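According to TrEMBL:
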type	residues	note
TOPO_DOM	1-733	topological domain 'Cytoplasmic'
REGION	42-69	region 'Disordered'
DOMAIN	99-322	domain 'GB1/RHD3-type G'
BINDING	Gly109, Ser110, Gln111, Ser112, Thr113, Gly114, Lys115, Ser116	GTP binding site
TRANSMEM	736-755	transmembrane segment
TRANSMEM	762-783	transmembrane segment
TOPO_DOM	779-850	topological domain 'Cytoplasmic'
REGION	819-850	region 'Disordered'
COMPBIAS	831-850	compositional bias 'Basic and acidic residues'
Amino acid sequence: MNQTPDIVANLLANPPPELERIMNDPRTTDEARQAVKEISVVSPPPAGTGTGVSSATGGHGISGGDQSRDGRLQVVNEKQEFTKQLSPYLSKWNLLDKGFAYDVVAVFGSQSTGKSTLLNRLFGTSFDVMDESKRQQTTKGIWMCPSKYGNTLVMDVEGTDGRERGEDQDFERKSALFSLASTEVLIVNLWEHQIGLYNGANMGLLKTVFEVNLGLFGGGGDTNKPRPQEKTLILFVIRDHVGSTPMSNLTATLTQDMEKIWASLSKPQHLADATLSSYFDLSFAALPHKVLMPEKFEEAVLELRKRFTDRSREDYVFQPSYHKRIPADGVGFYMEGIWQQVLSNKDLDLPTQQELLAQFRCDEISTVVTEAFLASSKVVRRPVEVGTVVDGLGALMRDWLNTALGRFDRDASRYHAGVYQRKRLDLLASLHSSLSPLFMGQMKNLHKVETAKFSKAIVAGVKEPGYDFGNVVKQGKEGARARFVEAAKEVQIEGTDWEYEHELALLEDDLRLIADQCRADETKKMVNAIERTVKRQLLEPVEVALSQPSTKMWDTVLETYRSVSESGEEAYLVKAKSYNCTEEENAAAIAVLRARIWLSLRRKLEEQTSDATILATLRSNFEERFRYDEAGVPRVWKPADDIEAAFRRSKDDTLALLPLFANISPSSPSLLPTLPSPEASFDSESDPTPFDPSTAFVLLSPTKLLSIETRFKREADAAYVEAKRSMVSSVAQIPLWMYGVLVVLGWNEAMAVLFNPLYFAMLLVLGASAYIVLQLGLAGPLLQVSRTVINEIRRIATEKLREAFADVPEAQRILTEPVSASSNGGNATDGLRHEERQRGDLLGEKILEK
């Protein structure tokens, strides 16, 4: 069909910038192209005419500043941020109180295909349109404007396939998904010659959007059929339709393409059998060429507008099944929620070819760099694992990191910048992760080393003369903490979240435990030393006091005990100040010290009140009274002395002292000490057995007293018998006149020795020998030899006698039978002699019989 006259007439009403597109249109005939050339030369376009953007307003994606102009609102800006002003603008547009009586429509299509112009013609909106003299992006982000012909919200979406974004299709996918999920009707604006193309008709983008839409908004898994309000109408508006291809063929092609896309989707398992018609209805409309046939274009637009406004038409687009059933006052929150879900979905982040290449190469480079890095760090892993602190580990790790990152930067920085930066961060995180065990191992090794050094420092410090335990611990802790922090900071790597504070806290806890243990040990040593000192100060006065029993004996003992205890406690408190002991520790140590002092006193008292000791004390006291006079001179008993009265008086006075040892009974009850708790005595090393507080002041039981009294009386009686014997021996001594008789009777023998040469010579030899022995000091050795010989002779004789009397037990009985003592003076002596003679006669008879 020859349309040249009509085309030439229409060209007169259009500006020259549109002529270039008409010249490139394959449907334009040669005659039309010639006419366009003539008009473009003869008739330049008047300024300010055409469909370009006026200088006052400019493109709403180009100019910055306020998000809204002339009743328009930018719902999503170029930074993918959702506006907070949607609800206020709905109120401004008088739509906030409409309930469900509103509709939402959006347009979708390639950039610079007249989407904004179409919306302005259909709904009377004021979206900015492209300045055809520049052919650049007009709409940026997503804009919204109310329709003049009803309660309809119209969204103008940034076009796809724009040179401004290049291969970055991230926003295209997100804006398309947002439009598909939030609107009732999605207008797909495309040229007639784009039908049948995959990318030109945005079929690849629609496939991605369909898949994500099913995953996000496809409904639950219990049904394959969505609710009616979940359906959306996709209205394909075919632009520049000149009638060469019948509309039915174009419709069939688009329907087949959509069915193919739906069949190729990766659907969720519960939606595997869902069909395209379950979620979407397809509708089609065609618009003539806006430049070549402006009148028909306007007529078609008016006809298409009726499908949006006339509810009586069968092809009315805003059917109830498409409405999202969201009240108007909740639209702002609803759309913002959808946008947030779209932003958080990773399935839309599909990489470009450059990104894919960059990812592949960066992964390869990262693998090589990581292998070299691990090989470098292998040399120190084993020492760290076995507990060795590696000096300069931080410098080594930084050098490994710088080398690895430098190599990665050199080889990977030539690829896609975003992928390179992302992979660099991933590599750095991986390297940090591989170094983290070294850091933790170094921290644990430092912990062990500093703990050992701290223990050694305390041991060495307490060996110094005049040491202050508190200062030793303080200096040790400060040194260990400073060394640990310094080493930890050296090994810490910038840009990591590694922390040494936790390990430092554990180290301080261990140091505190070690210090507490050492303080406990030192306190124990100090208590032991004080206990030994107290024993020296306490035991000797107690022994002296008990060896001289009197009524004031216990007063002396308890006063000494109190003073010694107080001095011991004061000595402990003075020394404990340098140990930084707590009040509880001081109280416990003092309780132990008191218990030990008390137990030491008890043991000494028990030792001094033993049977042998008390008997010795009583015997000494009795002998002092019985054998010595008031002036302390030993008594020599004479027949005229009253030995019986002295014996009774001494014995009674001595027995009166015995009850003093039974109980600790001072003259004043205030002198009695406060007994320590029985539990505290368990800490005593020498006597871990706790005492019984009920018997703490009891030393001798009544039975023990009676036994000691009986034994003392026996010993006193023996002393009395001995005294009587000494009196008898003194009475029976040789008279002086007997010595004269001996001289008279032995005079002849003496003269015979002196005047006999042989006897006299022997006497001289004996005298000279005695003189020599005395001069040479041989008297002692000779006496010792003589004594030894005599003892040996006596031993041999005794053995022979025992052999001889082995069969005579009666003789043994006679020899071992005790001699009874008598209390009468002379009669006792005669009785003893008589018994001795009887025993001798009896023994002689036995020997004769043997």
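Numbers here mean position along the shown chain, with the first residue as 1.
Every residue, even glycine, has its Cβ placed from backbone N, Cα and C.
Other Cβ atoms within 10 Å of the Cβ of Thr113 (GTP binding site), summed over all protein chains shown, number 21.
Summarising model confidence by region, the topological domain 'Cytoplasmic' (779-850) averages a pLDDT of 65. The binding-site residues Ser110, Ser112, Ser116 differ in how many other CB atoms lie within 10 Å of their CB, and the one with the most is Ser116. By a simple count of nearby Cβ atoms, those within 10 Å, the most crowded of the binding-site residues Gly109, Gln111, Gly114, Lys115 is Lys115.
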